[in-house]
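Novice: Here you go, one structure.
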Amino acid sequence: MPVSKCPKKSESLWKGWDRKAQKNGLRRQVYAVNGDYYVGEWKDNVKHGKGTQVWKKNGAIYEGDWKFGKRDGYGTLSLPDQQTGKCRRVYSGWWKGDKKSGYGIQFFGPKEYYEGEWCGSQRSGWGRMYYSNGDIYEGQWENDKPNGDGMLRLKNGNRYEGCWERGMKNGLGRFFHLDHGQLFEGFWVDNMAKCGTMIDFGRDEAPEPTQFPIPEVKILDPDGVLAQALAMFKKTEEGD
């Protein structure tokens, strides 16, 4: 008795095209309609693995790790230099979900760069910033600004050690006037010293010492006086 066989279902034409168009593994240049192109690894039709993306509009180049279509892992971002026309590195470090996250180095100019921690493409955590004028800040960051404990070392050697908030000196801190041989210790509000004490500090080694030394002041409880002055200042601020 003859046995009938069911004919195999043929794959529809559009499904075949779609299957063949799915990008997996290493591919050469794949162009987007806007002129951007990518060279590297794919998975399930998205960038995944090692690859290089070039953006036509601004000439930016990213080389590094990708995960499910986004920059994720370690990578380097470069931009064309407006003066030379050549690409220069602007960021090298870690990424997560298409944003700078983890440890990385950002170059703002030939003599200005940041090295430290990032979160959501903003400086956040511990980091060190080298400014073009020669100043150096080292300490905590939040929302792309110094925030927390940190030290600012000026080009002339003077330095501030203490609390920061919103990118400004706020709270208790010490300012070493090493050029004049003096030390100020007190309380700051938005970069302004509001109350504190000034003493001689390394005056004999200072390149430009003050004409006269600060006389020794005999106070029974200098810390208590400073604490009282600070409390009065805070009370005044709250009243405003």
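For all residues, glycine too, the Cβ spot is worked out from N, Cα and C.
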Novice: According to Swiss-Prot, which of these ranges is region 'Interaction with TP53': 171-205, 206-240?
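Specialist: So the range that Swiss-Prot calls region 'Interaction with TP53' is 206-240.
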Novice: Swiss-Prot tags one of 6-35, 36-65 as region 'Interaction with MDM2' - which one?
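Specialist: So the range that Swiss-Prot calls region 'Interaction with MDM2' is 6-35.
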Novice: Which residue range, 76-100, 126-150, is the one Swiss-Prot calls region 'Interaction with SIRT1'?
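Specialist: Result: 76-100 is the stretch Swiss-Prot calls region 'Interaction with SIRT1'.
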Novice: Are the repeat 'MORN 2' (62-84) and the repeat 'MORN 3' (91-113) near each other by the rule of at least 3 C-beta pairs under 8 angstroms (pairs 6 or more apart)?
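Specialist: Stretch pair touches.
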